Amino acid sequence: MAASAVTTATTDSSSTQRKQQQNGKLDTSSSSSSASAGAGDQNDALEKDFFWTYTEEPHRTRRMAIIKAHPEVTKLCGPEPLTKWVVLGVVSLQFLLAHLLRDTSFFSWKFWLTAYVFGATCNQNLFLAIHEISHNLAFRSPTANRLFAIVANLPIAVPYSASFRPYHLTHHKSLGVDGLDTDLPTAFEALFLDSILGKAFFCTFQIFFYALRPMAIYRVPFTWVHWLNLTIQLFFDYAIVFLLPDSLFTANSLLYFLVSSFLAGSLHPTAGHFIAEHYVYEKITPEARNPDNKIPVPETFSYYGPLNWVTYNVGLHNEHHDFPAIPWTRLPKLYEIASEFYEGLPQHRSWTHVLWQFIFDEEIGMRCRVKRKVGGRVVGGGSVSAKQQQPQNQAKEAGWGDDEIEA
């Protein structure tokens, strides 16, 4: 009886211990599963978001390193006299084509083929001429650059050169900064266009996104340059349709300019640069996606192909962001001098393939952009929310000086 009681007690005790151990294992397993599920949810959230980072934008850091290693690169800075002649040549070519198409039906294949092959290429060239001029790289005088940008704007048919400059310089000053860099897709775009059809729509009509998005983020003040740009462009468009004789231009001529501008920012090979420049095409690890790890994500990509010949070498985009005061004709020389800094950086081989991959690759989309919550500042004034002004003031000392912005 006593032995039986002891055996029973021992059995009950062992059973209790086993249950406690099993419960402990279950609790540990449950905690481990919960942790894994939490990590999985976090990774899923990161996969569906932009690439947020706390790292400094790479261009200022690399610029300082290049100047230290190759101080002679600073001699490449300054205006390029050739720019004004190229602009005048392209503007004249567009005038000639608009004259030749004055009696051609808007619905004819001849009109659209000319607009796509020649018109879109010319107007993309003029977009990027205005980009070049915005950095004061056509003339030494800032005023001369502002006025000449209005001339380059004429065949585009929509006044935008004056507004482009402050937004673009802010893009340089505030690369990736949420609420300041208007080159970044908005949350609305990322939500509704993150599909094959959505991305195809974006690529087809991206010229409208780039035109309207800045005004939805913040507005720059209207200056005399804006009013002059608006007045001259509207008068030019009116003159083509109503004032000049039909032997020179007609309403079809203005339509040619407008269609050329639309196609230049649509499914056109040269339009690939809009996406190629800053959308992340590299495979990013989960560790790099987590901003707490402070692992830099590549955010600017260069292209060294033949389309640079008609786009002011805008494909050399790492080089341009590193040294925005170096004009298009001298960017290849910069690459040659500092090749050890550029050869290992990710690059694109085809802008056409960039568009194709952007639309059809599920891993590349509207959210594939690097974003920062702090840093940068607005160039040229503008109304920014108080929420955004605080972080921009925090990092103001770490940014470029005004002399670097104005080049």
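Every residue gets a Cβ built from N, Cα and C, even glycine.
As recorded in TrEMBL, the features of this protein are as follows:
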type	residues	note
COMPBIAS	1-16	compositional bias 'Low complexity'
COMPBIAS	17-28	compositional bias 'Polar residues'
COMPBIAS	29-40	compositional bias 'Low complexity'
COMPBIAS	386-395	compositional bias 'Polar residues'
DOMAIN	45-83	domain 'Sphingolipid delta4-desaturase N-terminal'
REGION	1-41	region 'Disordered'
REGION	380-407	region 'Disordered'
TRANSMEM	82-101	transmembrane segment
TRANSMEM	113-131	transmembrane segment
TRANSMEM	143-162	transmembrane segment
TRANSMEM	190-212	transmembrane segment
TRANSMEM	224-244	transmembrane segment
TRANSMEM	256-276	transmembrane segment
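Sequence-distant contacts of the domain 'Sphingolipid delta4-desaturase N-terminal' (45-83) (same chain, at least 6 residues past either end, Cβ-Cβ under 8 Å): 129, 132-133, 136-140, 175-176, 190, 280, 284, 286, 289-292, 294-297, 299-300, 312, 318, 321-323, 325-330, 333-334, 337-338, 341, 367-373, 375, 398-400, 407.
Contact count against the transmembrane segment (143-162) (Cβ pairs under 8 Å) is highest for 224-244, out of 113-131, 190-212, 224-244, 256-276. Averaged over the domain 'Sphingolipid delta4-desaturase N-terminal' (45-83), the predicted model has a pLDDT of 90. Within the same chain, residues 83, 86-87, 90-91, 93-94, 97, 101, 149, 152-153, 155-156, 160-161, 164, 168, 256-257, 259-261, 263-266, 268, 270-271, 310-312, 314 sit at least 6 positions outside the transmembrane segment (113-131) and bring their C-beta atoms closer than 8 Å to a C-beta of that stretch.
Within the same chain, residues 94, 97-98, 101, 111-112, 114-116, 119-124, 127, 155-158, 203-208, 210, 301, 303, 307, 310-311, 314-315, 317, 348, 350-355, 358 sit at least 6 positions outside the transmembrane segment (256-276) and bring their C-beta atoms closer than 8 Å to a C-beta of that stretch. Helix, strand and coil counts from DSSP across the domain 'Sphingolipid delta4-desaturase N-terminal' (45-83) read 23 helix, 2 strand, 14 coil.
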